[in-house]
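J.: Questions regarding the structure given below will be posed in turn.
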Amino acid sequence: MDHQNSPDNRNRLNPNNGGYSQGYSNNRQPMYGDSPRSPRGPPSPHLPPSPNRNPYQQGPPNLFIPRGPSSSGPPPLRPGPPGSYLQSGQPSPRVPPSPRIPRSPGVSYDPRGQPSSIPTTPRTPLPQQYLSSPISPETPPLTPPGAVHHHKNFDDSPALYLKTKNSRPLNGHDSVGREMDDTLKYYYDSETEDSPNDTAEPAYPAEAFPVESNYGFYPGHGNTKGKGRNNLESSPLNTADIKKNHQYPTYPYNDTSPAFDDESDNYNLYYPHVPNGNQRSRADYVAWGSDHQVPVSKEEIEDIFIDLANKFGFQKESMRNMYDHLMCMLDSRASRMPPSQALLTLHADYIGGENANYRKWYFATRMDMDDELADTRSGKYTPDLKGDNLKEKWNQRMNQMSQYDRIRQLALWLLLWGEAAQVRFTSECLCFLFKLADDYAKSPDCKSKVQPVPEGEYLRSVVTPLYRYIRDQGYEVIGKKFVKREKDHAETIGYDDINQLFWYPESIDRIVLKGRSTRLMALPHSQRYQMLGQVDWNHAFEKTYKERRSWFHLVVNFTRVWIIHVSIFWYYTAYNTPFLYTDPQKPEPAIQWSIVALGGAVSTLFMIAGCISEIFFIPLNSSNISTLTKRFIFLVIVLIINSAPTYYIYVKARSAPTSLIIGMVQFFISLLTTLTFAIVPSANLFGRLSKSSQKSQALQTFTANYSKLNATDRAISVALWCCVFGCKFVESYYFMSLSFTDPLKAMANRRVIGCGDRLAGNICSYMTVASIIVMFVTDLVLFFLDTYLWYIIWNTVFSVLRSLYLGIAIWTPWRNVYSMLPKRLYAKILAATNMEVKYKPKFLVSQVWNAIIIAMYREHILSVENVQKLIYQKTPSDDGKQALESPGFFLAPNSANFFPSMSEAERRIAFFAQSLTTPIPDPLPVQNMPTFTVLTPHYSEKILLSLREIIREEDQNTRVTLLEYLKQSHPIEWDNFVKDTKVMAKENNNNNINDDQFRKESKECKDKNMDDLPFYFIGFKSSAPEYTLRTRIWASLRTQTLYRTVSGFMNYSKAIKLLYRVENPDLISTYANDPEKLEEKLAAMARRKFKFLVSMQRYSKFKDEERENAEFLLRAYPDLQIAYIDEVKSGNGEEPKVFSVLIDGHCEVLPDGTRKPKYRIQLPGNPILGDGKSDNQNHAIIFYRGEYLQMVDANQDNYLEECLKIRSVLREFEEYEVPPTSPYSPAAEMTHKDPVAIVGAREYIFSENYGVLGDVAAGKEQTFGTLTQRITAKVGGRLHYGHPDFLNAVFMTTRGGVSKAQKGLHLNEDIYAGMTAFCRGGRIKHTEYYQCGKGRDLGFGSILHFNTKIGTGMGEQMLSREYYYLGTQLPLDRFLTFYYAHPGFHVNNIFIMLSVQLFMLGMMFIGAMASTLTLCDYNPDPKAELSPPGCYNLVPLFDWIKRSIISIFLVFFVAFLPLFFQELTERGFIRSAMRLGKHFMSLSPFFEVFSTQIYANSIVTNLSFGGARYIATGRGFATARIPFSILYSRFAGPSIYFGMRLLLTLLFISMTMWIPHLVYFWVSVIALSISPFIFNPHQFSFTEFLVDYREFLRWMSRGNSKSHANSWIAYCRVSRTMITGYKRKKLGHPSEETVGDIPRPSLAVIFASEIVSPFILATFCVMAFMFVKSFDPLNPGHPNEGPSAIIRVSVIAIIPVLLNACMLAGLFLVSLFLGSIVSFSKFGAIIAAIAHTWAVINLVGAFELLWFIEAWSLPHAILGMIALASIQRFIFKTLIVIFLSREFKHDETNRAWWTGKWQGRGLGESTFTQPFREYVCKIVEMSLFSADFILGHILLFMLAPICLIPWIDKWHSTMLFWLRPSKQIRAPIFSLKQRRKRAYIVWTYGLLFAIMFITFAGLIAGPIFVGTHLKLKLNIPI
């Protein structure tokens, strides 16, 4: 028997082959000796060395790769620690056997044969690294000494985890990295397939795993000291070692210390607060070293910065920051081109090149002429003021400039920019400052200056005045606090207004010094900068564009959209309805030609409307007035030309022979007019850009400098819109226009006979005309809607075709996608330009592919078995050598055998393989790639989930813990995680057992499954931090946390290291014996090429838990950089000093637990002046490094395989190639190409699997981010949408930054940066081969909050000047792309809801006629006589209604088309159909209808009233049940009221003119009314439903005795403040905390929206009711001689209001006299209850009275209620507008009214006037209360029957969460007391609910019964 296979040796290490023997037991249990691992990270905690344990024993459990027999002899032993068994040759301790799988190439194995580099627990930490690294020596432990951890008492704080002392040493920690690197030399000594040494153990590059896990732990460097890594040894942090090897630029800040040392006399190299600060910077800028022939050395550059800081007074910290910034930029460029060229191109990008913003500004403002004149005055030469010559001279000057001077200009620009704070948003202002500073720097005064300027002088004298002007525009000081000013954008001089001052030379000339006597530009060039501190900025700026809240913005900006639609609609309608305007007895073709030709006049009228509307928005200076006047006169002339012939033909010469010719000529002139106005932008036609003035050139430069599309892209753009409008015009003509002809012919000339009203007379006879008018408007709205329908269809078609062209469709055969994957991986990922190839491609591919697979394994999405099948492995070859065997996955036709079907692994591998089939730019070698930074803004997003958040329910309304939900959503990943955790626990518990114990316990293990339950329930069995933290991280990596984002995007670092190792095998062999040095080299390269910057705005104000989590991030990822705002209070009432601070994981930890900053730069004040995010980005932008930025949100993810493509993504900027000529040579202009400003990328929405709402939100984001952007980028219409776009950092930072920041206006801050880049010549591209992960909102409320934020943000965008410029200057095809991809979507939503409302109104009119008139019988013969005689033919109207309903349905249905095709192309038909089917089965169409209304309401409300603000939507799992009252208060205003009004109207329509097509409207109306409750978790649980009812009644009644935020009265008050506004804030009142500052809208807006609109609606409703009452009920066909229906419905509407007013007056007297006497605390509540009960009775009585008067006719009673409600609505809005003054922010007046206690309420002078105001309030509130009370009960009655369906809660949860019934969420567990209380509530309120239901049913059924069986004779005066 083979000795190796003997039972005695099967568990022993064979020293001859370095591995385990092959004999082992096949039924092996999990190894006790296996080391745990870390999820998405390095190996997990390692055990201390002991006599029974080898410190190198590490590897995944159940993963044993034995060494096969080899004919070439044993490999050499790996080096081990002195005295270890590896060197002594002694047998190793007993280690249990592992399952047998073949070895993998590229994987290093420990002496047991275990792959030491494959950790089993993805991203799980190595706790021991932190157990002895305290945050602060002084911080007391969170757990008392001697405390024992118990399973029921978890302390999961990272502080404990980081502080806990562990008796186990960390000697084994270095083994992983060392093991891998020690064995690499054997791998690299041979070429795997050819070398005779193939028997050498294959080692795997450390980065393939990768070494630093996404959990942030560095397995190979636990004991590294002072080498730039995290010092995690067991002793306290050795700051001396850190100082010795690092320069940590910090500033000793003290709350009382000054910001600057004004006494310092020089900016020398001595920085006392910086370790080794007396030496020059030793930062390693490799490509800018002395061995690269740099034009200016690092030392010289540093001297330049020091000199400029001395001359201008820049901060030292800022100087050092900007020095590093410039050097990183130079190093980045010099890595791929000669240093001289790097400096030259960088200078061209910033200062002097064709694409430099400074150069564009310089010539736009004629600074060239200013310099010429200055040179003339100095006597240098005669000026030559021709533009071309000046530009030539500029190029000559730039070309002749020395490299030293170029560096000096760059340094000056960066120093100015680095401290500019809010001024960075004003790019041209910064150009102006640079011009003045550069002139001063060149002057003899500056050169001869010896005494340095005090530090901070630039901040104090230049930046701070501008900052304060900007701040004071939005804020004022009240009570020593800054309070938002109550003024809207039109009165606020914002960033854009300030910036535009510097666009025009005449504006710059207006800048004067204080005293207003001297102009700044009149001073000599050398003196201007020094006088900036004396500038009177308060009188320098003015509004350059007024962002008024008005719908006229749509008229001005989108004139061409209205012209295209309304004009064509006129042509179609006029042509098809000649019977309306011609003599029916004879043909009149001339008149028909002429009337149709009025379409040109319609187009001209829209142009005139746009011209007049423009007056409201642009400043009326002489230039603008002249332009508008000329335009108006021209348009009037055009209007006369288009309309005068019609007057001549129609009035003067109907039968003249020349009339036909005139009409035809008029028609062609009309077509020419329409085409001209539709195609040519108005600014180009006549106006701003039509002249060659200097102002026009500036506008062209900064607002219309669009990049040109190439011929192919332009052809695609034109073809797209030809297809859209070609199909639209054909379909609209046949389907809509022709179908509208018959209703017009049937009703236009028909009048109703025999009707009349005593008050209105025979107005009712025009009911047919009113119906036609409403139908006409409805048809016009539908005409707009089907354009968007065709846009969606053709955009999808073009996008799908492009995806096929690019090869990203799943229809590509498997063989082409996967069998070619290794070759493509080599060609497109590894085969970098100029890469030295020493190894065969298969060997290199195996390293990268195995790295990807193992990375997925570490993330728990693959099991060990999956890894075995997917990685490259070594197998014996026929010649006795070992060869690489490719995984069978590449050739197998079915992937199910390799990873779980429809799993995350399948998705990622499939996309990776598919993406490599697309064209990808060739990568550069790692050392040549540019440097880039990932920037993530963070405010209060969750960093790391706490244990409490994971294993406890969110609140009492939650039926599932977060962990339970995640386990059910990720069952495979949880199972993998549990397996690893069990191995870890067993290893830790049994590391010292002997062989007998092991065998015994292995046999007993089968009987201990019950002991494993804690692992499956909560992921751990011990409450030790190393276990609890693993579970926390596992959950955090599957939710939307910052930790997930950081760990995901840190994969860039791992990808760079991996690629660098693969590309540089010599590096591996050089450091084969020094793995720590190798890791340092790899880490240095990663740090050099990649930075991750998190802008944590609130870091200094974090609570303990947040600070601990942030500290955990820094220790896990030492290279992570955090920028935050630090505020230091000042004494003597001065403003606090604010600093922008940067720290990273290498910064020293101070005794108080904070870190010593790397940079600490003072700001002029609080930088958060806007909505937050943009300001947060702006303060941190100075800390970015490199040439490119990737913008990432704090809820995203990234993957190793995607990070490997980063070099290709960065090549999309087209800056890899070295320019062939100097950017300043004449030839450069010949080859000039617009720069790429933004490169967009796809996003995978990883929240798509969390239920129907998560998938709906994910689907919308997915289609927009892929399908839509794919084609919009191609045709030049894509903008910037934030995440995860890559930005050209130089381009964007010199043009205002990465976002805009005016509060409210720039709510959607990212898109403005895209519009700026778009308008200023930047190209915007989109990549298909790269994607990031992105989370989305998951709950009904959070998704709709997001929709509201987007909708209100779009309302603000429509006010902006960017939309004005784009709408009036873009070419037609690009304008249409911009419009329909951005504002058109929201306008379409408005039109959808408007069409529904108009449809209901029109059908109400038709229903009114159908219920009272004699209708004709249907006869298909159009020539047949109508019967019976005197009938009214409504059949054409019914046909039109059917067609129109189909149109609206198609518009809704097409919303699902993009998602279907997106899934179809990328995942196949089956999955596409399944996903769409799940959407429909989960009632997602209900949600789509509701969200459409939310979008429409938010934008309409914002355009009218404003109030846009950032809404924190929340990204958690929506598993908690929200009470009915909260849902009602949230959505009543936006949708429920609207839905119930439509429901009442639809009920009347259905009773009078039922057709099956109305089912669609019933679905839509029900969706508008009850969607919030349908998508509420556990809404239909019977017990919870009744608890909800109790809460609803309490919500309606509370808040009258004492303040309560969650009450009906609070909801009512907040609702009306949109109209009334608030009084100025009374600081410090508790009840004011929940309200904000809302400016009161203008009177014109209030009048139009709150009086005119309700009046029109009431008029139409009353008209319909009047019509049905205009016939004599006893003598049909004759007018009604009885009381007027108008008076009847008006009186019934007013009666409840008057009764409420009388009751309120009486109760006021009662409360006034008894309130001060009665001390009963509920007195106010009782008085309010009496009044509210009275109001409900009045409203019910009014309806019953109306029904009684209508002789129990239910349809007439319903129509009467519609009219009654519209009248009351008009009355209430009128009362609010006229009588209600501003609202107090507190609720004292409400309580004073009910309690009668008016004194001491803080009302001041309003004490005597407030009772009358409150009286009017209460009249309105009483009626509103009764309506809400009844409406709430109706909704509850609608929902109640559903609760009675068996198992409804389970089915409902299945619908919402997509969980199988067997996986259903458990019912909550209540205590006995709670169960008794709930039982009492169920019985009590169940009985009350039943009584209310019977009462309401009786009020409906009783009159029906009475009306059916009793005939009453009515004789009522009304």
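Using N, Cα and C of the backbone, Cβ positions are placed for all residues, glycine too.
What TrEMBL records for 1-11 is compositional bias 'Basic and acidic residues'. Annotation source TrEMBL lists region 'Disordered' at 1-157. The feature compositional bias 'Pro residues' is assigned by TrEMBL to 39-52, 72-82, 93-102. Annotation comment: TrEMBL describes 404-516 as domain '1,3-beta-glucan synthase component FKS1-like'. Marked as transmembrane segment by TrEMBL: 551-573, 593-620, 632-650, 662-686, 759-785, 1390-1410, 1444-1461, 1531-1551, 1557-1575, 1687-1714, 1726-1749, 1880-1906 (among others).
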J.: If we skip the immediate neighbours and take only residues 6+ beyond the ends of the transmembrane segment (551-573), which ones have a Cβ under 8 Å from one of its Cβ atoms?
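T.: Residues packing against the transmembrane segment (551-573) from afar: 596, 598-600, 602-603, 606-607, 609-610, 613-614, 616-617, 674, 677-679, 681-682, 725, 729, 732-733, 737, 740, 776, 779-780, 783-784, 787, 1358-1359, 1363-1364, 1366-1368, 1372, 1375, 1379, 1383-1384, 1387, 1503.
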J.: Are there three or more C-beta pairs under 8 angstroms joining the transmembrane segment (1531-1551) and the transmembrane segment (759-785), sequence spacing 6 or more?
T.: no
J.: Is the number of Cβ-Cβ pairs under 8 Å between the transmembrane segment (593-620) and the transmembrane segment (1726-1749) three or more, considering only pairs separated by 6 or more positions?
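T.: They do not touch: fewer than three Cβ pairs between the two stretches lie under 8 Å.
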J.: List, by number or range, the same-chain residues at least 6 past the transmembrane segment (1390-1410) whose CB is under 8 A from its CB atoms?
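T.: For the transmembrane segment (1390-1410), the sequence-distant neighbours (Cβ-Cβ under 8 Å, at least 6 residues beyond its ends) are 752, 767-768, 770-771, 774-775, 777-778, 781-782, 784-785, 1432, 1434, 1437-1438, 1441, 1444-1445, 1448, 1451-1452, 1492-1493, 1496-1497, 1499-1500, 1538, 1542, 1545-1546, 1548-1549, 1551-1553, 1561, 1564, 1660-1661, 1663-1665, 1667-1668, 1759, 1762.
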J.: Counting Cβ pairs under 8 Å that sit 6 or more residues apart, are there three or more between the transmembrane segment (1531-1551) and the transmembrane segment (1444-1461)?
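T.: They do not touch: fewer than three Cβ pairs between the two stretches lie under 8 Å.
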J.: How many helix, strand and coil residues does the domain '1,3-beta-glucan synthase component FKS1-like' (404-516) contain under DSSP?
T.: 74 helix, 10 strand, 29 coil
J.: Below 8 angstroms Cβ to Cβ, which residues of this chain, lying six or more residues outside the transmembrane segment (1557-1575), approach it?
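T.: Distant Cβ neighbours of the transmembrane segment (1557-1575) are 1252-1253, 1340-1341, 1396, 1399-1400, 1441-1442, 1445-1446, 1448-1449, 1452, 1483, 1485-1487, 1489-1490, 1493, 1524, 1527-1528, 1530-1531, 1535-1536, 1538-1540, 1542-1543, 1546, 1549-1550, 1835, 1838-1839, 1856.
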J.: Along the domain '1,3-beta-glucan synthase component FKS1-like' (404-516), what average pLDDT does this model show?
T.: 92
J.: What stretch, picked from 662-686, 1444-1461, 1726-1749, has the most CB pairs under 8 A with the transmembrane segment (632-650)?
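T.: Most Cβ pairs under 8 Å with the transmembrane segment (632-650) come from 662-686.
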J.: By Cβ distance under 8 Å, which residues at least 6 away from the ends of the transmembrane segment (662-686) in the same chain are close to it?
T.: 559-560, 563-564, 567, 589-594, 596-601, 603-604, 606-607, 610, 627, 630-631, 634, 638, 641-642, 645-646, 648-649, 704, 1368-1372, 1375
J.: In terms of Cβ proximity under 8 Å, which residues at least six beyond the ends of the transmembrane segment (1444-1461) contact it?
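T.: Hits for the transmembrane segment (1444-1461): 735-736, 778-779, 782, 785-786, 788-789, 792-793, 795-796, 799-800, 1259-1260, 1262-1263, 1267-1268, 1388, 1392, 1395-1396, 1399, 1472, 1475-1476, 1479, 1485, 1488-1489, 1492, 1557-1558, 1560-1561, 1564.
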